[in-house]
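S.K.: This structure is in structure tokens; I'll ask about it shortly.
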Amino acid sequence: MEEKQPQKTKEPSKEDEPQQKEMPTHLSLGAESKAEAKTPVLVETQTVDNANEKSEKPPENQKKLSDKDTVATKIQAWWRGTLVRRALLHAALSACIIQCWWRLILSKILKKRRQAALEAFSRKEWAAVTLQSQARMWRIRRRYCQVLNAVRIIQAYWRCRSCASRGFIKGQYRVTANQLHLQLEILLDSGPCIVTECIPFSIKE
């Protein structure tokens, strides 16, 4: 409103100069106080504007820190992955080594068991063979003794008869596995008499 109403300016005269010289002291004090009052407001507005700018635009340092954090997390994740893979590989190799060792031990154990089974079977087989051979030998010997006893009885009988008839008896025999071949020659006064006979054995298999 004050700008629209022009005021008439009076040209200063020489008489008014001393009054104008005295007035600046009072005016300077008022202007200085007004300037001092306005400066804090300007400072406050500048700080608020700077704060708004800071809140709107994050500083480059924070961006760098966030980038560093992401890179660090990536490196840590990679290192953890390598550690886990290394541990898994070590565990797999250890398991493979243990399996190979256990397979070798099992093969040795099975080989020993087979060897022991073969030895036991061979011992049993040999024992059975020896028992069978001993039994056969005992049976044949007993039959041989029976035949020999019979031959001796026959010889004694013929000797007694030859003595009674004043003759002479001569004979021979041959024993095989199944029968007895007997051949007797009796010499009497009337003439020789030859007797041959085959006596089979009753062998039960």
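A Cβ is built for glycine as well, from the same backbone N, Cα and C atoms used for every other residue.
Got these off Swiss-Prot a minute ago, pasting:
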type	residues	note
COMPBIAS	1-24	compositional bias 'Basic and acidic residues'
COMPBIAS	51-68	compositional bias 'Basic and acidic residues'
DOMAIN	68-97	domain 'IQ 1'
DOMAIN	124-153	domain 'IQ 2'
REGION	1-68	region 'Disordered'
S.K.: Using Cβ atoms and a strict cutoff of less than 8 Å, what residues sit near the domain 'IQ 2' (124-153) while being 6 or more residues removed from its termini?
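M.R.: Cβ under 8 Å, 6 or more out: 173, 175, 177, 180, 182, 199, 201, 203.
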S.K.: Take the domain 'IQ 1' (68-97) and average the pLDDT across it for me.
M.R.: 92
S.K.: Kindly report the helix/strand/coil residue split of the domain 'IQ 2' (124-153) according to DSSP, in that order.
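M.R.: Helix, strand and coil residues of the domain 'IQ 2' (124-153) number 30 helix, 0 strand, 0 coil.
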